[in-house]
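Positions annotated as domain 'Kinesin motor' by TrEMBL: 18-345. Positions annotated as ATP binding site by TrEMBL: G102, P103, T104, G105, A106, G107, K108, T109. Look at TrEMBL and you will find 358-400 tagged as region 'Disordered'. The feature compositional bias 'Polar residues' is assigned by TrEMBL to 388-397. If you look up TrEMBL, you'll see 442-479 marked as coiled coil.
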Amino acid sequence: MAKRVSILDQHKKPSSARVRVAVRLRPYMEKEDEKAPAACVRGLDSQSLEIVNWRNQLETMQYQFDAFYGDSATQREIYMGSVCHILPHLLIGQNASVFAYGPTGAGKTHTMLGNPSQPGVIPRAVRDLLQMTRTAAGGPENENWTYTITMSYVEIYQEKVMDLLEPKNKDLPIREDKDHNILIPGVTQKTINSFGDFDEHFIPASQNRTVASTKLNDRSSRSHAVLLIKVQKSQQVSPFRQLTGKLYLIDLAGSEDNRRTGNQGIRLKESGAINSSLFTLSKVVDALNQGLPRIPYRDSKLTRLLQDSLGGTAHSVMIANIAPEQKYYFDTLTALNFAAKSKQIINKPFSQETTQSIAALPAMKRPREEAETAAGSRQRKKSKTDSTESSPNTSMDAASKRKLNLAALDPAVVERLLKLDKILTEKGMKEAQLLSTPKRERMALLKKWEESQMEIERLKEKQKELEQKAIEAEARLERGQWAL
Ligand SMILES: Nc1ncnc2c1ncn2[C@@H]1O[C@H](COP(=O)(O)OP(=O)(O)OP(=O)(O)O)[C@@H](O)[C@H]1O
Ligand SMILES: [Mg+2]
């Protein structure tokens with residue numbers, strides 16, 4: 001059975017736990033003969049930009065991201081700066097994802113796919129992955145391992161998962177296995193040994209994607225396209241270990257203001273499905289940021305599929321595409337606000353890294369703490385102060401000073417801290433104890449956590465039972481209709 005290996009096992013320097021967010025501004029495209037007003041967005045440096053405040057034209061609002069790419073940035077710059085560093089994770093059995101977000105016509109498909117003279121993220125990542133596995137297989141320490149790369153390609157069109165490699169596979173289900181991996185049973189998988197193999201499957205499949213002309217984009221994507229590249233590393237000698245890393249490359253359909261797209265009929269219906277799944281995406285992001293116990297992944301196919309890419313088990317990069325024209329102003333503002341929220345999502349494989357660096361925790365919690373501070377909680381104000389004093393690998397004295405206010409932490413973070421704390425304690429690494437709280441408090445929390453896990457299991461069972469009942473009821477209804 002495939003086994004996940006943490007970065008710590010590999011003695012690799014851990015990277016940050018957040019979803020990495022890059023913003024890309026596309027060039028001005030208003031027709032030359034139109035009297036074009038100035039662009040509504042302006043880059044400030046390689047990480048920040050500003051946009052005019054619509055409430056007060058004399059003011060601007062500034063945003064900072066992991067990277068900002070201006071309108072002259074090349075496809076290569078975006079790939080090298082924000083994408084290629086996540087690929088090595090795949091070779092050690094971890095998941096990664098890159099998704100392009102933004103309003104219609106802002107350049108998502110250009111960023112992900114590009115064209116033959118300006119190839120985008122997808123062809124570049126596939127080429128590099130093939131090369132990386134070849135190099136790894138040829139390395140002196142890797143003679144006992146082989147690498148297999150497979151691809152699947154689906155679109156989510158009007159809430160249905162369609163197989164682009166085999167168009168007769170319509171409306172495929174999305175399932176979760178016991179290790180919380182998201183699967184699409186029945187989806188076509190093609191093995192690729194070379195870039196030629198990839199092109200052979202990918203190019204015709206891309207033509208199966210639903211694209212149509214709207215007022216804002218001649219070739220507007222009417223579906224979310226998800227390319228899944230699986231890297232399987234198999235040991236050829238006992239104990240025959242197998243590691244599987246999945247890379248999702250996602251070109252989302254853009255949010256649409258139908259007053260401006262002029263959509264009607266089927267285009268309007270498509271647009272409804274697109275906007276509603278993007279709305280669910282934004283709810284998922286909100287819920288993750290607020291540490292809510294229920295994340296509404298199941299409310300749309302898109303978020304269900306992205307479950308292990310957002311707050312799940314993947315290393316994620318989001319490229320928010322924006323357009324400079326004034327007519328895009330509110331779309332741009334919405335995309336920037338969404339991107340700013342996404343920066344705060346913490347993904348699970350990084351939890352161990354995150355907890356290695358106590359200093360990282362206050363930064364993760366800051367937005368929530370700010371909200372809490374605004375609500376006037378004295379205790380929580382203290383938590384913010386404590387967190388800024390924290391630093392990793394310090395003496396016991398310093399450790400006692402950095403005591404965390406566990407009650408104010410996201411339960412998911414507490415859960416991960418407790419797990420790691422337990423592992424480190426078992427390994428005799430007392431100095432590294434992460435919580436630095438009295439033992440009794442840790443035990444009480446551990447107990448509480450175990451109880452909540454049991455409650456979750458119970459609820460899952462209940463849900464399964466109800467789903468089964470619903471299926472049976474549906475079947476009875478159908479039989480009744482046939483009888484009529
Ligand atoms: N960085 C860029 N440089 C040059 N042209 C670009 C750039 N970004 C986008 N374009 C062009 O802008 C147009 C719209 O881009 P694209 O189709 O990628 O938008 P989109 O965000 O995918 O829209 P939709 O959501 O409707 O699918 C295309 O003609 C594309 O070639
Ligand atoms: Mg597109």
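Even glycines carry a Cβ here, placed using N, Cα and C.
These figures come from a predicted structure and were not determined experimentally.
Here the features listed in TrEMBL are placed on the structure.
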residue	record	Cβ contacts under 8 Å, 6 or more apart
A106	ATP binding site	R26, G254, N321, I322, A323, Y328, D331, T332, A335
G107	ATP binding site	R24, R26, N321, A323
K108	ATP binding site	A100, Y101, G102, S221, D251, L252, G254, I319, N321
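Around G102 (ATP binding site), a 10 Å sphere centred on its CB holds 29 further CB atoms from the protein chains shown. With a cut-off of under 6 Å between the Cβ and any atom of ligand 2, the binding-site residues G102, G105, T109 reduce to T109.
P103 (ATP binding site) has a Cβ environment of 25 other Cβ atoms inside 10 Å. When other Cβ atoms within 10 Å of the Cβ of G105 (ATP binding site) are tallied across all protein chains shown, the result is 26. DSSP assigns A106 (ATP binding site) to coil, not to a helix or a strand. Counting every protein chain shown, 26 other Cβ atoms lie within 10 Å of the Cβ of T109 (ATP binding site).
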